[in-house]
Structures are given as structure tokens and as C-alpha cells.
Amino acid sequence: MSEQNAPGARGEDAEREPDGGARRAHVPHVLDPAGMREQYRAEGIEAEGFAAEPMDQFGRWFADAVAAGIFEPNAMVVSTADTRGRPSSRTVLLKQYAARGFVFYTNHTSRKGREIAENPHVALLFPWHPMARQVLVTGTAAHVDRAETAAYFHSRPHGSQLGAWASEQSRVVASREVLDEQYARLAARYPEGSEVPVPPHWGGYLVTPETVEFWQGRENRLHDRLRYRRTGGEQGAEPEWTLERLSP
Ligand SMILES: Cc1cc2nc3c(=O)[nH]c(=O)nc-3n(C[C@H](O)[C@H](O)[C@H](O)COP(=O)(O)O)c2cc1C
């Protein structure tokens, strides 16, 4: 590594060429990810202080994230994969959590919806960076029942209800105008105050967890990782959980 692109080198060339260019030597050091490193907190986490059930522990950490003022603490990355194992990820909003698992809403014919139909195995990631925390979930996704979807759909703002009809999520659309026209047609048909039917292609997914990992950043990259693993409770029985420490 030359001195110029070493972390901490001064980015004078970048000042002479404000567009930065594509060459790494021209990246001012304040923008160079190689030089970006935070030292994480000293306090750790111990299995002794953790809840017996992972969803109860999630509730504690979710409350911490809300109390810490994290922006959109319910934003999570959902990863899916098709039957050939090719993965894809995107952010969605968690809309409910309870002992049974995590619920989010989307279009069933979107890319994620199509992949879940082929392969129900998913992963969730809550990236709570300002707290040096993340929660990682693996599990399987299934539709929530239509009554639950309908109750949530009608709790959404009117414009979001129309948006769910207007968008053929993940499909190529000719232009922004096509979308706006489609929305305007729907807005004329269902004015504010009228009941919008629940789109048949839209609904909730319940992610039933198989593993839930709680990750706490620590000093010197010796982070704490505590993972719940489902070890029993098949065929409708109450799940049993084993809590294990993973090496960082
Ligand atoms: C903060 C944030 C929250 C989002 N929440 C949702 C959501 O709850 N449901 C949804 O379908 N898309 C949501 N999106 C859009 C998705 O990231 C994605 O673009 C969309 O679902 C299509 O994904 P797909 O083509 O991979 O299926 C959100 C995006 C962001 C950045």
C-alpha cells in the first residue's frame, strides 16, 4: 500500500481533482472506508442475564434501541434465496413481534415473495450500529392469515393502502408517470374516507425463528455473540432453546 492511499494519508490530490476520479489514491482519507474504525464499548453481555426465550430477549433489546433513539429501530434486512441458492436482501419494517416470531408486510408477487414461495428459509438482520449491536435471525417465513393482514392493512394511512394496489412491486415499470397515473386512478376510485379492499397479492409474513443471535461490539474486536438455537418443540410442541456463546 502506498503512503498516499494508506489510512490516515492526507487527501491533497482529491482537493486538486474535486471529482475524485475512480483511482483509490485520489480518495480523501475521510472518505476511505479502509481507515474507518470505531472502538466499541467495554461492557459485555452474559448468558446468565439473558431471557429463557429469544423473543423475550429481543423485546428487551428492541426497547433499548427505542430508548437509545435509533432511527427506525424496526427496520430490518430480510434475505431470501431462490431454489438455486442465489440470495437477495432488502430492508423492510418489522410490524409485530411476539412469542411466535417476527411479522412484516409486503407484496407476495415481489421478488422476495416469489423467493419465499419457492424457498421459505430467510434471514433477518437488525443493524443497530449506534449501539454497536445487531440481532441476526434465521428461520422460515409463512403467510399470516388474511384476517390479520386485513386488520393491519386497514390501520395503514389511506395513501399507503392505495400504494399497495398501485405498485406491481419488483416488476419493470415504463416510467414514473405510469405509476403516478395508476395511483391517481385509484385515488379517484377510492377517495379519502372510503374503504380500500385488501389487495389479494399483498400481506404479512411471519418469520418463525430457528436461531436468534444477539451481537454486542466490544473492544479490540473481541465482540460478544450469544445465540439461541431451537433444539426441540417440533410438531407444534413448545420450542426449547439452547443459548450458546459464539467466537467473534
Ligand atoms: C427503511 C425501509 C423500509 C422499507 N419497508 C418495506 C416494507 O415494510 N415492505 C416492503 O415491501 N418494502 C419495504 N421497503 C422497500 C424494500 O426495501 C424493497 O425495495 C421492496 O420491498 C422490493 O423488494 P424485492 O424486489 O427484493 O422484493 C423498505 C425500504 C426501506 C429503505
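Each residue, glycine too, has its Cβ placed from N, Cα and C.
Going by TrEMBL, these are the annotated features:
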- 1-31: region 'Disordered' (REGION)
- 10-22: compositional bias 'Basic and acidic residues' (COMPBIAS)
- 63-180: domain 'Pyridoxamine 5'-phosphate oxidase N-terminal' (DOMAIN)
- 90-95, 105-106, 111-112, Gln134, 169-170, Trp215, Arg225: FMN binding site (BINDING)
- Lys95, Tyr152, Arg156, Ser160, Arg221, Leu222, His223: substrate binding site (BINDING)
- 202-248: domain 'Pyridoxine 5'-phosphate oxidase dimerisation C-terminal' (DOMAIN)
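Remark: secondary structure over the domain 'Pyridoxamine 5'-phosphate oxidase N-terminal' (63-180) totals 40 helix, 45 strand, 33 coil, with classes taken from DSSP.
With a CB cut-off of under 6 A applied against ligand 1, none of the binding-site residues Leu94, Ser160, Arg221, His223, Arg225 are retained.
For the binding-site residues given as Tyr105, Tyr152, the lowest number of other CB atoms within 10 Å of the residue's CB is seen at Tyr152.
Note: the Cα of Val92 (FMN binding site) and the Cα of Ser160 (substrate binding site) are spaced 15 Å from each other. In sequence order, the binding-site residues near Tyr105 (FMN binding site) (Cα within 10 Å of its Cα) are Lys95, Tyr152, drawn from Lys95, Tyr152, Arg156, Ser160, His223. In this structure, the C-alpha atom of Gln134 (FMN binding site) lies 15 angstrom from that of Leu222 (substrate binding site). Ranked by how many other Cβ atoms sit within 10 Å of their Cβ, the binding-site residues Gln134, Ser170 place Ser170 at the bottom. Closest by Cα distance to Arg225 (FMN binding site), from the binding-site residues Lys95, Tyr152, Arg156, Ser160, is Lys95. By neighbour count, meaning other C-beta atoms within 10 Å, the densest spot among the binding-site residues Arg156, Arg221, His223 is His223. Cα to Cα, Leu94 (FMN binding site) and Arg221 (substrate binding site) are separated by 29 Å.
Just so you know, of the binding-site residues Leu94, Leu222, the Cβ with the fewest other Cβ atoms around it within 10 Å is the one at Leu222. Ranked by Cα separation from His223 (substrate binding site), the binding-site residues Arg90, Arg111, Ser170 are led by Arg90. Model confidence over the domain 'Pyridoxamine 5'-phosphate oxidase N-terminal' (63-180) stands at 97, taken as the mean pLDDT rounded to a whole number. On the backbone, the CA of Arg111 (FMN binding site) and the CA of Arg156 (substrate binding site) stand 23 Å apart.
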